[in-house]
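This structure is in structure tokens; I'll ask about it shortly.
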Amino acid sequence: MDVQYPPVVAPPHKSSLQKFKVKLKETLFPDDPMRQFKGQPFGTKIVLAAQYVFPILQWLPQYSLKLFKSDIISGITIASLSIPQGISYAKLAGLPPSFGLYSSFVPPLVYAVLGSSKDLAIGPAAITSLVLRSMLTQGVSATSQPQLFLQLAFTSTLFAGVFQAALGILRLGFIIDFLSKAILVGFMAGVAVIVSLQQLKSLLGITHFTKKMTIVDVLSSVFSNIHESLKKPKYFWVSAGAPLLSVITSTAILFAIRGKHPAILVIGKLPEGVNPPSVKMLYFEATHLGLAIKTGIIVGILSLTESIAVGRTFAAIRKYKVDGNKEMIAIGLMNVIGSTTSCFASTGSFSRTAVNHNAGAKTAMSNIVMSVAVLVTLLFLMPLLHYTPHVVLGAIIVTAVIGFVDIPAAYRIWKIDKFDFVVMLTAFFGVIFISVEYGLALAVGLSILRILLQITRPKTVMLGNIPGTRLYRDLHHYNQATRIPGFLILSIEAPINFANITYLQQRTLRWIEEEEESMKDNSVFRFVILEMSAVSNIDTSGVSLFQELKSALETKHIKLALVNPLAEVIEKLTKADESDSFIREDYLFLSVGEAVGKLSSIMENSPSVTMQQEQPPYM
């Protein structure tokens, strides 16, 4: 029994304004955040709006003592990690140690109010700290100009926060998607290598060390100053596997033998008290403003990428959703406020979040508990950190970043996609041999080049029939698929636009010429069928492709048929065919099977010789 197919028709008419609204909504609001307000009374809408802006209001009214017991344990646990890491990452960023603790106090409080993740633990991170330092040291020295360096660190944090919040408010989070998995694997491995090598200064006790971040400069500095290193330092064995225990143990030992081993460098006296305001330290003079903006944007993108990826990972484990745009706004405002309270760029790191999750965190209250623990440290425990040795801080940093070298992930990328592996290597070698920002830029550029190639050279395949079915599939994919005599069936698997019409025209005409050359004397090549289910869009230049194909095929007495053109495509083709000579309903079909069936009957009812000589009706 023959299947009766409905005709291919244009979609119902919509005004340009209606189309614009739909396109804007699908582009910027794919999650449709306003749907929760539909049909709700005014009072409920106010409550829902407050909960949307301040996610803490969603869980705080139902908060219980049972939840608090879990959160206080996880909060104290991550505080035990955040305190030594905060001091270490401040050192990595080229800042005084106390600013690492400041950055572990205010930002977590802000995130607890605005963030949507239950697991994300906030504070300084190795990657952002390194990038902040490596980019700022291109214009300012952290040692000879410490005050200016500190001002630029705060200013860069401000710009990072403004950029992050703007992405969330304008719903432009797709920008960070350009940092693919391959880029991040290569970039983080490169950063881990550079960070680890930089810690040789502390681990070996070298006093004159390069401020540059490339592997060549770092190794040259190590070998040229190796005579300065300590001779088998007695406390090099102190493990960083348990950072807080390492800090406590090493500090106690150094306090007990203070003055006996001056060669062992310690962090020294730390100021007590909460974060001092830093609004007046923000630097907006033209001399270094460009450097601060550039650093802020790069740091902002990296911190967003890390925190959102980590947040979504643990949200998937616990089966709840993290709103990416809310996260951007929360992290952005967190850094804006942080920049005015003596904090440098903060984010949600994987190591702290993993500890937080495993310790049983139930809500963002764990961040508040951690902040309280850091506050106690700032107010009462700072003198106890005076004798903390730099060698232990260096070991903590190395221990934290060495996990960034993800060999299994690199192998998976190699196994799945060789081009992605090249992108990963570009990021890795670019970071260690050139610089952090240029390594990242090269990898992103290579990824964008791939996207451009996919746009300008879209995949187009030849289809054949799978025997015994009405299915038509790629001849090179399914060996059992067979050609249909008299037909050239092509599938275009990308939008058609100005960037690829020349390629599509040349490729299609080449297929037609190859088809004609391969035909036997008694064969008749009559139809070109374009399967367009994957052509989601077409522009004005794309419409001209079909007009030019029509003209080219007229000289060869070949008909052109279109299969399943989507709504926007058929609408534009219909508008372009004002004289009804381009689009004909009897050459528009919903499936390849329908097209082959109906067009085959035309061939059977017309003598082949006559059909080759007469001028055929075209679309």
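Each Cβ is built from the backbone N, Cα and C atoms, and glycine gets one as well.
All annotation found in TrEMBL is predicted automatically rather than curated by experts.
So TrEMBL has the following annotated:
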- 477-599: domain 'STAS' (DOMAIN)
- 148-172: transmembrane segment (TRANSMEM)
- 178-197: transmembrane segment (TRANSMEM)
- 235-257: transmembrane segment (TRANSMEM)
- 291-317: transmembrane segment (TRANSMEM)
- 368-385: transmembrane segment (TRANSMEM)
- 392-414: transmembrane segment (TRANSMEM)
- 426-453: transmembrane segment (TRANSMEM)
Please indicate, using numbers and ranges, the residues of the same chain that are 6 or more beyond the transmembrane segment (368-385) and have a C-beta under 8 Å from a C-beta there.
71-72, 74-76, 78-79, 82-83, 86-87, 97-98, 101-102, 104-106, 108-109, 112, 121, 247, 251, 267, 269-275
Using a Cβ cut-off under 8 Å, which residues of the same chain at least 6 positions beyond either end of the transmembrane segment (291-317) come close to it?
116-120, 125, 127-128, 131-132, 135-136, 138-140, 152, 155-164, 167, 173, 175-176, 179, 184, 283, 324, 327-328, 331-332, 335, 345-350, 353-354, 357, 437, 440
Across the domain 'STAS' (477-599), what does the pLDDT come to on average, as a whole number?
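A mean pLDDT of 85 is what the model gives the domain 'STAS' (477-599).
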In the same chain, which residue numbers or ranges, 6 or more beyond the ends of the transmembrane segment (148-172), come under 8 angstroms Cβ to Cβ?
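Residues 28-29, 93-96, 99, 132, 135-137, 139-142, 278, 281-284, 288-289, 291-293, 295-297, 299-301, 303-304, 324-340, 342-345 contact the transmembrane segment (148-172) from elsewhere in the chain.
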